[in-house]
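Database features (Swiss-Prot):
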type    : residues                                                                     : note
BINDING : HIS24, SER41, TYR112, VAL113, ASN114, SER129, HIS197, PRO198, GLU199, THR214 : iminosuccinate binding site
BINDING : CYS86, CYS171, CYS259                                                        : [4Fe-4S] cluster binding site
Amino acid sequence: MQQADLIKRIQELKVKRNAVILSHYYSRPEVQDIADFVGDSLALSQEAVRQDADVIVFCGVHFMGESAAILSPKKTVLLPEIDSTCPMADMVDVEGLKRLKEKHPEAPVVSYVNSSAAIKAESYICCTSANAVEVVNSLDVDEVIFVPDKNLAAYVASRTDKKIIPWEGHCPTHHQILREDVLKMKEKHPLAKFIAHPECRPDVLELADHVASTRGMIMYAKNSPAREFIIGTECGLIHGLHKAAPEKTYYCISEFACCPSMKMVNLEKLLASLEKMQHVVTVPEEVRVRAKEALDRMLAVKVK
């Protein structure tokens, strides 16, 4: 089927199913273009709650679909590619987290939304890269357990007086972005601003002109007087950057800055999910209720 025919059929089924399509910025360009809403993890969580559709088709990885199912239990949540798991989310396990909690009984668990529903259920509050600092600083404690990303934990630790007890996880895509990659790109494009995601290594963030979530990176590039930008995150964001500020130039930091899991969803799989209503994301109710408490606490935190 030609792309135009795929798009037409998806649009028809979307109306028939009363469905809404949500996509992360790291998805394929054609998937972002057909989505009703494209955003970062925080915005997508908020949008899942706002939408009054019967069906949410989540173009992203498994934990994103789970978050939508947790927050909107009466809606049917579809994940076009059921095997699109997040490697970082898989780096933390429930039993290991329970043992860490036993070692630090006074420290609440702050879980990055890039985690499974089971991990969220073991957490006091969730966070995203857009609100991690505000979430941690909102807690009236001296120390927190932060899972699963050690790089985001280090970024938060540099912006709070609280002791951060990190889990030893990381995003493989961001962790592969090296300091020498940045220095080479800066030498090649001396006028370009380097904007980076806080999942990057600390020594990479030291070189950044601005550190932000994907949405924050887009807003910075759009509002900056600079004309060129080196992009320190998954290169799918460049599509969103071009749409927000097409007159500017963007350079992908590295050929390795590509998340295979985020690229698994394509138009064919999106169509199949709507046609067959397949790959429904479900979360056991006992887990869902506990995980929702952590997500609700996050959504109540005010972000500057």
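In case you wondered, yes, glycine gets a Cβ from its N, Cα and C as well.
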Conformational class of TYR112 (iminosuccinate binding site) under the three-state DSSP mapping: strand
Cβ atoms near GLU199 (iminosuccinate binding site) (within 10 Å, other residues, all chains): 26
Rounded Cα-Cα span from CYS171 ([4Fe-4S] cluster binding site) to GLU199 (iminosuccinate binding site), Å: 7
Max pairwise CA distance, angstrom, over record-listed iminosuccinate binders HIS24, SER41, TYR112, VAL113, ASN114, SER129, HIS197, PRO198, GLU199, THR214: 17
Three-state secondary structure, CYS171 ([4Fe-4S] cluster binding site) (per DSSP): coil
Distance, CYS171 ([4Fe-4S] cluster binding site) to ASN114 (iminosuccinate binding site) (CA atoms, angstrom): 9
Spatial separation of CYS86 ([4Fe-4S] cluster binding site) from HIS24 (iminosuccinate binding site) - C-alpha basis, Å: 13
Binding-site residues compared (CYS86, CYS171) - the one with the fewest other Cβ atoms within 10 Å: CYS86
Residues flanking the [4Fe-4S] cluster site, with Cβ no more than 8 Å from the Cβ centroid of CYS86, CYS171, CYS259 and excluding those residues themselves: VAL61, PRO87, MET88, ALA89, ASN114, PRO172, THR173, HIS174, GLU234, SER261, MET262
Pairwise Cα distance for CYS259 ([4Fe-4S] cluster binding site)/TYR112 (iminosuccinate binding site) [Å, integer]: 18
List of residues, in chain order, with Cβ under 8 A from that of HIS197 (iminosuccinate binding site) and at least 6 apart: SER129, HIS174, VAL211, ALA212, SER213, THR214, MET217, GLY232, THR233, GLU234
